[in-house]
Amino acid sequence: LQVFDDEGKDVTPRPLFHSDPNAVVPRQGKLLASSAYFGATGSGSFSSTSISNASTTESILDETVEPGSRRDTTVSLSDVQVRQEEVKEELTKADLDRRVDIYLTETETIWILDMPSVVVSVESEDAGRVLERNRIYVDICKNRPGNDCFVEKMMQTINGAAKNKEVQCDKIITEDKGMMVTSWDLYDSFHVSEIEPTSKAEGSRATTGKSSKSHTTREHDQTISVSSDRGSTTSSIMISESAVLARIHEEEECHSEAILTSENFQQDLFFMERILMENIFQPKLAAYRQFPVLIDPDVTSDTSGTVAAVKEAKQEEHDMEKKDKEEQKEAFIGPSTLSDLNKTPEEIVPPRLEKLWSYICDLTNGHSVSSMAWSKVNPDLLAVGYGAFDFKEQKKGLACCWSLKNPMWPERIFQCEHGVTALDFSMASPNLLAVGMYNGSVAIYNVRSCNDAALLDSSESSNKHTGPVWQLRWVEQDRGGTGDGKKERLICISADGRITEWLIQKRLDCTDLMKIKRTESEKKKLPGEKERKSEALISRQAAGMCFDFHPKDTNFYLAGTEEGHIHQCSCSCNEQFLETYRGHKGPVYKVAWNPFSTDMFLSCSADWSIILWHQDSQTPILTFSSATACVNDIMWSPKSAFIFAAAHESRVEIWDLSVSTLDPVISCFASPRVAFTSVLFAKNTDCLLAGDSKGEVSVFELQNLAAPNRDKVGFTR
């Protein structure tokens, strides 16, 4: 084929590739052949050449080839050129002058570099999806400031140039050393651990083994290998001595560990700890028990604290003698008048609280003291419960048993999953400690056992409380006509409005003594005022906060509620209250019968007040309000019918009704950011225990507070 321009010049493109006529060229497809054909024609006018001729020639070639010989058929480039020349000769001048139309079509595009566009038309199909992605990205950018999920950080992906760093040091001197070791030396050293130890007195020997060539026999204390070679003897001695020393060290460690874990050693440490605590706290323990303080005559150092304790003890003895002489006058002369008789103003010493020590350790530090209880048999054993009263401050609780013989660490520690809110020792079984928790569960522990697991737990009981157990007590009640003696029962009161009795069998289960129902407040109706409809109650039951059984008749008890009411109830009647005492404007935190005047009782509340009641009157007798803070706990003195202690948030107060009904006789203020939570009188001594919100139980001695005679109760009333 030849291509001519408008002027008649030959512009036929010359091929860049000249094929070898002897080479075999595989057959090309129709599409490729036609593409090559059109590409070779170029642009311009063809002389009487049609596309149909090429396709016709191609089809003729395909028809001449049989199907069976398609793989072996090859067409050389020379044949194609010959056929093209034949076609060229057949064209006439008219064919060359005729105008031929050539149509160019687009072939398949091969992408070598694809850079997607960052701009999308708003009319395209993907416009909505791109707009949604842009909106999400804008929201993410807005939330990035101050978010921990996004961190601004510089990144460098290019590796820096390598640097050569040289360090100059002293020349390293190497030495070559060798040692001759025989096979039996290795065998003896490897099996040295199998030697059985024997006593040096008996002088027995142990056989360590033998090799295939010789046997080696050694004594236990001295190891010598006999060999003709000097080097082998030296190596055997060194290896054997190191093995024996390692073995002796292991035996010493095992022996030391056995001593530390032995029961005798633990018991000796226990006695030693008791002796050290007695030496450290001897003056304070003597003051607690009201014993004279012993003075060591050999001690020449500063003993000012001991001398002061001796003077205080002598002063107390003098006061006791003076009080015995004036017992007859006390029945006819008032206490305030008696205190002024036969005394000068300089001799009058005001009562005060003297701190002796505190029960606190690292384990209890930071846990609020919720309740305290003395053992019924051992007056030196104190149980303290640790747990928060606020819902937001809840964490795991503790129940610890402290002893006077070791004020620095508790004797027993019981870990609880929830905060401890109440606890009490049993009277029939003094080793049992009942614990109430914030989640409403009740557990019983054995203080004689070192195991801290609970003996019984109410977690499997279907009638367990659904609110915090604010108070629990072991109560002894008469068996009645069925038997003699007394029966002990475990009573609990909870915030779910139930007072329950727990039955101790194979598992803990309870029955309801009383369901505390809400009572409407009594409002006086004004003349001409219409009756108002009563408001619907959110809950028909009132949350129980505290209770106390009558000291003489345990069939009757008092129950304080969150409404501020105090109900007198009976164990034989669980449907209605016997009496209801209304006087508090907030939750009643504690009620306590007077142990001497059994028809009087005290109550404290969150309304900052303490009220003295008589069981036959629904009107308060006295109201005590000395501080603008909640009164968390109260307790009557076990030695006087006039003295009681109160725990405000900011201070602990001692009231003596025989001296004043307006102000407390003693006030002890708390440390900053610390609130008192509970108080407890000691049984046999004039001491008071106060627990606070930091986990500290302080022991105070009541000084210069003379307890009035019990016979004066009727006279004072």
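Heads up, the Cβ atoms here are built off N, Cα and C, so glycines get one too.
Owing to the predicted nature of the structure, the values given are computational and were not obtained by experimental measurement.
From the options 1-20, 81-100, 481-500, 561-580, the stretch TrEMBL describes as region 'Disordered' is 1-20. Proximity of distant same-chain residues to the repeat 'WD' (624-658), defined by a Cβ-Cβ separation under 8 Å and at least 6 residues beyond the stretch ends, is recorded for 335, 351, 353, 586, 589-590, 592-597, 602-606, 608-612, 664-670, 675-681, 683, 686, 688, 690, 700, 702, 705, 707-708, 710, 712-713, 716. Each residue in the repeat 'WD' (581-623) gets a DSSP state, and the totals come to 0 helix, 21 strand, 22 coil.
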